[in-house]
């Protein structure tokens, strides 16, 4: 694809003490793509995601978001960049002192652009987008189920009309039914809003249902970065185990039957 | 419900840049036409001016949305509110865009429930809840105390089950590590107290009474209370926060599920350690405070160290030291119990953690001062030379 990439990683190196996690990661993600990051536990998927959103800095290499370098940009430019993506954290990371409506409206209120009346309308709209009832607006995060926490967190991630959505284990901790419903919700939102999505997942079901491309992290680098069909053909022990293990085969067969 | 932007013309390859959204309104022919991108990012820089322009457009205007670029839900909400939450009479737009705005309008038509207003009944309920809460605190505290006593009875027959490692770790944390800060504060208080007293005593020529004042005041009263306040702020809050986070992360439940008593493993070590450490801290702090006072007395009144040290045991009966040590142990016990009590009441959210930590420190200090008053009355005939 010739379009300017939304995310561009070049030679990213991450080190935790003596532990080398990434050793020269190169990846470019084009607009409108849904990229799944997979890899074994401890392969640094979440760390890579944290580099992309500027929470951590790699030891070496370059991270560019929307064509701008995250590492050399001024603080103001980084803030502006950070308003252009939404992040769904693994545990939701809802502010436990705020209710649902305040959580979703928080980024809008902080940006200072929208009026109070507009914020109320927009919060109602985002709640409807993630298929929650207006009556849920006054609940506190402690009163929500796991699936609802993910939905509210997704609504909050969408509050600033992002172009890029980052999802850390979007379906972890959800039962298969809710997980499938949440994946369907993300897919429909992605199609309607034309979002670029990067997701970290362990779940072959989620990956098969959402991803247009799969990036496999292993041995401190990207083992393969290709559409799912091509990834399946890569001859690497990890990839073979991940996708052609018992559960993986089953999930893929189901997703093919579903299409 | 489906709700969003088929209209969010976001074809791959579009420039990530944008054209700021604009509004053109010509008064003579009454046409309001939109230009540029009507998205949150594109509208942000000029939002104030745009709002003013929107407000000047009369309700009879003819709206043309065909010229606008992208439109997101913020832009749609802005327009919908400017239109007074209904469709203008004259409007030209594509069907897709109309559908999108209708979805925004549909969501806005079901307003979020407002938090209920605060009424007199709520005030009564609040008052009642506060009172009941007091009873619930008292009940929990007594239960904790009872559980601790039962555990002690159990441990009496099984000496091998004493959590000695935890006790010694806590002793190090609340005792040894608190020594520098208590010494610093004690020393400075000693210097200040001695300096201020010396100014007054000089006027009466009663210089040597500085030893009586400092000795009695610090050993009997100031040492234990000062250390208690410092320890409540330093170790009491840490204990509450630690237990609170363990509640949030379900570690306390994990212990219970393994059949391990949380009072033996978590509460007892803290209580025992602080009860043992506090008298020692009191002794240490009182000694350092007296050293500070001695230094100040030497500078101000020219009292030699030797004279001070020689006079001290003659004017301050030994009973005062015992009172100070007993007070220290009792205060330590209270601070640790209060800290554990509040820590175990933390509910799994950040608000509860902060409320309980504050309550723990405030209650501990208040309780210490109350009990100190009781001590003062109970021991009024002991150790005071007349």
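Cβ coordinates come from backbone N, Cα and C, glycine included.
Features reported for this protein in TrEMBL:
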COMPBIAS  B:1-13  compositional bias 'Basic and acidic residues'
REGION    B:1-22  region 'Disordered'
TRANSMEM  B:178-196  transmembrane segment
TRANSMEM  B:208-232  transmembrane segment
TRANSMEM  B:271-299  transmembrane segment
TRANSMEM  B:319-344  transmembrane segment
TRANSMEM  B:356-378  transmembrane segment
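Same-chain neighbours of the transmembrane segment (B:356-378): 221, 224-225, 228-229, 232-233, 236-237, 239-241, 244, 323, 327, 330-331, 334-335, 338-339, 341-343, 345-346, counting only residues six or more beyond its ends whose CB sits under 8 Å from a CB of the stretch.
Of the ranges B:208-232, B:271-299, B:319-344, the one with the most Cβ pairs under 8 Å to the transmembrane segment (B:178-196) is B:271-299. Sequence-distant contacts of the transmembrane segment (B:319-344) (same chain, six or more residues past either end, CB-CB distance under 8 Å): 137, 140-141, 144-145, 148, 215-216, 219-220, 223-225, 227-228, 231-232, 235-237, 239-244, 246-247, 252, 262, 266-267, 270-271, 273-283, 286, 356-357, 359-360, 363-364, 367-368, 371-372, 375, 379, 382-383.
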